[in-house]
Amino acid sequence: MAVPASPQHPRGYGILLLTLLLKALATTASACNHLRPQDATFSHDSLQLFRDMAPTLLQLCPQHNASCSFNDTILDTSNTRQADKTTHDILQHLFKILSSPSTPAHWNDSQRQSLLNRIHRYTQHLEQCLDSSDTRSRTRWPRNLHLTIKKHFSCLHTFLQDNDYSACAWEHVRLQARAWFLHIHNLTGNTRT
């Protein structure tokens with residue numbers, strides 16, 4: 001006669017579940033660890049590429065009245081996930097505007113391609129990090145921040161169109177883009193140290 005199998009002890013299930021949960025959390029945490037070394041150099045290297053790509057325009061430009069102001073105090077956060085989402089959003093907008101076929105002739109196209117590749121790769125890394133952190137946290141990103149950033153970049157696009165993508169209009173956008181790279185530096189530096 002066969003001996004009936006003893007029922008699995010509930011504590012055994014708990015240990016198995018805890019082991020699986022810890023493994024999932026370790027995998028999720030490591031998904032964002034690869035960003036730390038990149039954060040240290042991404043903004044600096046991107047700014048350098050940007051300077052090489054888009055030198056300051058030598059001609060004097062009339063003062064443009066671009067009403068594309070941005071209150072950068074809303075970017076202040078110590079929440080790493082929010083900083084990552086904000087950085088991701090900014091980079092997507094920068095990529096869109098800098099990949100325009102109407103960039104000025106004096107911009108170095110190979111440097112521009114290098115910068116766009118760098119932005120694209122970093123954005124992909126952020127997406128992986130955000131996808132994995134979404135399994136742990138459902139913290140909502142402030143909608144007004146997303147809309148404010150979107151409105152600002154929409155204003156820059158309109159400004160370029162209204163000024164027929166002139167070199168002077170691009171000079172204004174160049175200055176704005178430089179400021180955005182500095183914002184990204186502050187976002188990534190303040191939340192990952």
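Cβ coordinates are placed from backbone N, Cα and C, and glycine is handled just like the others.
Sequence annotations record features per position, and here Swiss-Prot assigns disulfide bond to CYS32-CYS129, CYS61-CYS155, CYS68-CYS168. Annotation comment: Swiss-Prot describes ASN65, ASN71, ASN108, ASN186 as N-linked glycosylation site. Residues or ranges marked as signal peptide in Swiss-Prot: 1-31.
Positions of Swiss-Prot features highlighted on the structure.
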residue : record                      : contacts (Cβ under 8 Å, 6+ apart)
CYS61   : disulfide bond              : ALA167, CYS168, GLU171, HIS172
CYS68   : disulfide bond              : HIS152, CYS155, LEU156, PHE159, GLN176
ASN71   : N-linked glycosylation site : THR148
ASN108  : N-linked glycosylation site : ASP52, MET53, ALA54
ASN186  : N-linked glycosylation site : LEU75
So if I draw a 10 Å sphere around the Cβ of CYS129 (disulfide bond), how many other Cβ atoms end up inside it?
21
Near CYS168 (disulfide bond), how many other Cβ atoms are within 10 Å of its Cβ?
15
Around the Cβ of CYS155 (disulfide bond), how many other Cβ atoms lie within 10 Å? Please give the count over every shown protein chain.
16
